[in-house]
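Asks: Attaching a single structure in structure tokens format; questions to follow.
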Amino acid sequence: MTLLSDDQSVRPQLCQLLEPGKHLSTSMHHYSTDCIGSKEDHMDSVDRAVFGATEPPKRSRGRLILHGLVMFGREFCSAVEAAFVTPVLLSVGLPHSLYSLVWLISPIPGVLLQPIIGSASDYCRSKWGRRRPYILTLGILMLLGLTLFLNGDAVISELIVDRSQRSTWAIVVVMLGVVLFDFAADFIEGPIKAYLFDVCSHQDKERGLHYHALLTGLGGAFGYLVGAMDWGHSVLGQLLGSEYQVIFFFTALTWSIFLTVHLFSIPEEPLGKDQSASESSRPDALRILGSHCNGYGTMSKDTSVPDLRPRSFSALGEANSLTSSAKQPNEEAQERMTIRSLMKAFINMPKHYRCLCVSHLLGWTAFLCNMLFFTDFMGQIVYKGNPYAEHNSTAYLTYERGVEVGCWGLCINAVSSALYSYVQRFLLQYIGLKGLYFVGYFVFGIGTSLIGLFPNVITTLILCSVFGVMSSTLYTVPFNLIAEYQREEQEKMTMQGHSESPRGTGVDCAALTCMIQLAQIIVGVGLGALVNLAGSVIVVVLSASTASLLGCVFIALFIRYVE
């Protein structure tokens with residue numbers, strides 16, 4: 001098993017079972033004589049034929065890269081948000097004790113709505129596909145959130161003259177933009193991953209996830225790089241009005257282009273597509289494949305067509321089931337997809353899935369503690385600036401300098417994330433997926449503890465590279481573990497002759513990605529209180545280190561090993 005592999009197995013297609021020009025009886029004769037071999041060999045050949053029919057075609061490297069460009073754009077936007085949200089909120093007058101609560105607003109509805117959206121996308125009957133309508137809608141909401149977040153202060157300053165009212169409305173508009181962007185950016189990852197799983201074979205999913213990780217790292221690097229530039233004194237800054245307007249221009253342009261490319265990268269097959277014609281036109285000899293041999297050259301007396309529902313080797317079997325029975329669930333099944341039924345599905349999921357969700361929660365809690373407040377940490381602790389000082393004062397300018405250097409540190413993080421996504425490929429051969437998971441958390445925990453203990457510029461910038469190890473781990477390893485878990489389940493159900501798993505692609509992805517919202521709730525509720533209690537923002541990196549090392553212990557004890 002490899003995370004990124006160009007080796008693609010070619011399975012026989014059903015259309016190759018009947019050679020052109022051969023009479024049906026001749027083909028049936030060859031089929032019956034093949035039954036002389038062992039029953040196991042015969043069933044293996046049948047399975048290979050069925051699997052070959054359900055496995056999506058191999059996707060070229062170019063297609064997978066075009067599909068993954070949306071992660072470049074998403075991380076570009078997220079990098080801008082992570083770098084500037086705290087400085088912007090503090091600069092418009094938000095009290096220091098409340099700045100972490102902005103991360104508490106969007107995750108609360110997100111925890112409840114994300115599984116519903118994931119399930120709804122499983123049953124979406126749009127002619128454009130199941131996932132792309134959701135991706136487009138969430139992409140537009142991201143763009144609207146960016147507009148309010150980066151331009152809210154400037155717009156309110158033009159509209160309102162009174163300084164006290166202007167500060168209040170600026171806080172409201174900027175916070176609304178942050179919440180809207182954060183809500184959409186978190187939600188969009190689930191449909192993107194499900195879209196990849198729907199249209200790719202198992203090996204292409206592994207390749208696609210790693211292109212996603214690579215492009216995520218590059219997108220973050222460019223996003224932080226844009227934030228690290230001093231645009232205020234540039235020609236673009238003078239033309240567009242301010243530094244934030246220049247950053248908004250680059251961010252909105254990048255997101256719009258890459259979102260469009262992603263939506264047209266690989267076509268989706270609509271869920272409501274009528275496949276009755278193709279089913280009825282299937283040659284009768286293909287139906288014979290479902291029958292069992294009762295002896296030499298004989299066939300079963302039962303001429304009824306058995307259930308040939310595809311049983312795929314892919315990570316998410318529901319996404320790759322191409323028959324109408326799997327792709328067109330009835331209305332009664334859709335009516336049962338309620339909050340209650342979804343929560344019941346989460347509670348009743350296998351233990352190793354729940355453990356994976358818990359470890360993902362610990363990892364994102366650690367990661368968000370550090371990333372969301374890192375530039376503020378650089379400005380206040382490393383550079384000893386003051387975000388509440390007058391904007392033309394030395395203390396505030398020093399704080400801004402720390403924020404810019406913090407952006408360079410986060411750029412280092414993004415580059416190391418992209419590089420580590422390739423290092424994972426080689427480490428996997430020696431330590432496996434569980435080992436990769438443990439290493440990512442352990443390296444991040446040690447690195448952030450050293451940053452908290454030795455907060456100087458050189459040490460901090462060097463240790464920013466460990467952030468990328470954690471980032472790449474969170475974006476790839478949990479999803480690969482889910483893929484392997486479901487692959488094992490699918491093979492086990494195939495051997496036992498059971499029907500497919502009732503969990504859909506969107507629900508599985510949502511179960512994992514909604515841990516991000518839970519992590520934000522934990523960070524939003526707890527981190528502000530810890531900062532007030534400690535009297536210093538240095539507690540953010542120490543909290544990140546603690547959560548990450550706890551995650552190491554949990555992974556070692558509870559995460560299921562996969563061969």
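Residue numbering: from 1, along the chain as shown.
Backbone N, Cα and C atoms are what each Cβ position is placed from, and that goes for glycine too.
Note that this is a predicted model, so its numbers are computed, not measured.
Per TrEMBL, transmembrane segment is recorded for 96-113, 134-156, 168-188, 209-226, 246-266, 361-383, 403-423, 435-454, 460-483, 504-531, 537-559.
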Asks: Restricting to CB pairs under 8 Å, which listed stretch, 134-156, 168-188, 361-383, 403-423, 537-559, is in contact most with the transmembrane segment (246-266)?
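Replies: Answer, by Cβ pair count: 134-156.
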Asks: Honestly, do the transmembrane segment (361-383) and the transmembrane segment (209-226) touch, with at least three Cβ pairs under 8 Å and pairs 6 or more apart in sequence?
Replies: no
Asks: Considering only the recorded stretches 168-188, 403-423, 435-454, 537-559, state which has the highest number of Cβ pairs under 8 Å to the transmembrane segment (209-226).
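Replies: The stretch with the most contacts is 403-423.
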Asks: Between the transmembrane segment (134-156) and the stretches 168-188, 403-423, 435-454, 460-483, 537-559, work out which stretch tops the count of Cβ pairs under 8 Å.
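Replies: Per the Cβ under 8 Å count, 168-188.
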Asks: Counting Cβ pairs under 8 Å that are 6 or more apart in sequence, does the total for the transmembrane segment (537-559) and the transmembrane segment (403-423) reach three or more?
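Replies: Counting Cβ pairs under 8 Å (6 or more apart in sequence), the transmembrane segment (537-559) does not reach the transmembrane segment (403-423), since there are fewer than 3.
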Asks: Using a Cβ-Cβ cut-off of under 8 Å, list the residues of the same chain that are 6+ residues beyond the ends of the transmembrane segment (403-423) and lie near it.
Replies: 4, 75, 79, 82-84, 87, 210, 213-225, 227-228, 230, 371, 374-379, 382-383, 457, 460-461, 464-469, 471-473, 475-476
